[in-house]
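This report refers to the structure that appears directly beneath it.
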Amino acid sequence: MAEAHQAVAFQFTVTPDGVDFRLSREALKHIYLSGINSWKKRLIRIKNGILRGVYPGSPTSWLAVVMTTVGSSYCNVDISKGLVCYIQRHLPEGYGPYQTPQTRAVVSMAIFSTGVWMTGIFFFRQTLKLLLSYHGWMFEMHGRTSRLTKVWATCVRLLSSGRPMLYSFQTSLPKLPVPSVPATIQRYLESVRPLLDDQKYHRMETLAKEFQDKLAPRLQKYLVFKSWWATNYVSDWWEEYIYLRGRTPLMVNSNYYAMDFVFIRNTDVQAARLGNIVHAMITYRRKLDREDIKPVMALGIVPMCSYQMERMFNTTRIPGKETDVLQHLPESRHVAVYHKGRFFKLWVYEGSTLLKPRDLELQFQRILDDPSPPQPGEERLAALTAGGRVEWAQARQTFFSSGKNKAALDAIERAAFFVALDEESHCYDPENEASLSLYGKALLHGNCYNRWFDKSFTLVAFKNGQLGLNTEHSWADAPIIGHLWEFALGTDTFHLGYTETGHCLGKPNLMLPPPQRLQWDIPERCQAVIESSYQVAKALADDVELYCFQFFPFGKGLIKKCRTSPDAFVQIALQLAHFRDRGKFCLTYEASMTRLFREGRTETVRSCTSESTAFVQAMVQGSHTKAELQNLFRKASEKHQNMYRLAMTGAGIDRHLFCLYVVSKYLGVSSPFLAEVLSEPWRLSTSQTAQFQIQMFDPNKYPNHLGAGGGFGPVADDGYGVSYMIAGENTIFFHVSSKFSSSETNAQRFGNHIRQALLDIADLFQVSKANS
């Protein structure tokens, strides 16, 4: 049994002769190696901190400046204009061999050179920060780059050359600007105009003007002051008030999922697939700790903020009665595993060495082969993380604050991440459309107690070797976990590989101690709380309708023939589909990123515009010529692209209004305008899944190495959640969610409308698969 092999550092017994200590050499060896590894990581962090702090400078450039100064001195050329002599005169007097005139001269030149070097670094960094504040490149037509932008791009390339580490550009990124109140109000009123009749619009216009003239200037002053003081005026409040203070279940309402490659299967062996993927993930974490990951660059030259990556591993959301807290640890040497109602602690290191994939496969197989039954209350324990946050916080404080329950819970919460070994199989079969939806449902909520929804992410492994992720949202947004997922899948396929029988390469170390079974003592009162949370979670999961499908006729390649952006094409199609589905327009949320700024996260693009509604109405009426419809579509597309660019460059609507609302609450003042804006439901919430952030392989050479993206639950009870991934040149994946309890929505019906809308718009431009 696994619990028989729990390691202890020492044991002692009390005898009449005194206390007899018995030390375990093996355990002490692991403690010693762990300490050595921790010190290595500290030294690496110190080194990286220095290198990051002097970027774009380097020790080599410092040495070059010193050598130049010394060389010019020997050639009797004073490039310091007397500063070296001045420094030499003011050096403290002393005794010994290091106070000779020659030594003092060298020290003076080194001090001068260091000053010049650091001044140059400061100048270059401030220049780069100024250059990165320019966003005119984003608003230029494709293929029509201005001379100014060309010069700007050349300067950025020169200043960001070399080998930057992951966080090298952080201090050079500009701060997110605070938009002016009149500009935000104007854009807001423009966004709601197609949704309101004249009377309601006039009322909203009156509320907005009153807010702008009276309360807004006072709130704006506080917000501008915060923007001067804080790194980002939005992100900390967004994390706290939108995520951590939410009291509803994380499952479905907040967490989202990501799918595996769907067209290829590397192996059917569950433990082997986990061996490779876990090894790849811990390798990624090691690169992350060493900052040995290239920063993500827009257009290959503009760095994006990487701060969200810091909490990818060793992070857990700890429940609280009023607000949750994100617990992030600098290091964790194990993963927590769930299988058939049992929890295990699996070490991923032996001493200071990362276990090889074949050794990890062995450990996962030992868990799969373990016949021990769950302890009382253990099987559905994770349902606490799927239910209400207040109930979980109270239960955690009452039943898990001491003893073996605290020790076992610590093992989960202090793990690098959580692994769920499922007993069912899922995969995508193009001949069985329902297979993708069932796969998505399994990842979104599972059976409500086989995912630890508080962990930064849960790695889900199905019986047939197919994988997926369930990700907690507060610590980062989807592109961040997507970066890890691309690395893990690419490493698994192209670098690690499998034997002909589907096992990991190499020979296992059979001397490894087996994974440790976690021990619980869960009383009946706690079991009742677990059951209550499970019933809440099950009702929520059963209410979710998820319809996932692959759109076959075309993808990004043919959309480009319409001379529009693929994202705008899909968003306008969603507006047409929604109008056909519901007979009306609604407030639409599309997530865009603000990572061009330091600690930027997301901004909202309000995709339902006057231009898109004009196009949709013309399509539905059926009385317009094709040329007229094309013109209306182009106007809608240009409007959407412009709004997306404004959101990315800090000129969005919703984050500014959200922060003004938070300030008003701090000041104890109320605004009818802000209260109404913040209470408006998003009945259509959309997001595009990022892909190919890392060039792990050539997608043209391996066109079948595609994931299907991921999805999330509906934001409004009577609305839709739509996630889509424009997967390469020839296909698009959609994940549509709604609630069965709403008589107005039906995810499959809406999915069919999306299909037809895409085809109808493509037909306007005579775009079809036949002429690709």
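Glycine too: its Cβ is placed from the backbone N, Cα and C atoms.
Per TrEMBL, the feature domain 'Carnitine O-palmitoyltransferase N-terminal' maps to 1-47.
The transmembrane segment annotation in TrEMBL covers 105-124. Same-chain residues lying 6 or more positions outside the transmembrane segment (105-124) and placing a CB less than 8 Å from one of its CB atoms are 54-57, 61-62, 65-66, 68-70, 73, 80, 83-85, 87-88, 91, 159.
Residues annotated as domain 'Choline/carnitine acyltransferase' in TrEMBL: 176-756.
Residues or ranges marked as active site, proton acceptor in TrEMBL: His473. Proximity of His473 (active site, proton acceptor) to non-local residues of its own chain (separation of 6 or more, Cβ distance below 8 Å) is seen for Tyr243, Leu250, Ser254, Asn255, Tyr256, given in sequence order.
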Whole-number mean of pLDDT values that fall within the domain 'Carnitine O-palmitoyltransferase N-terminal' (1-47): 54
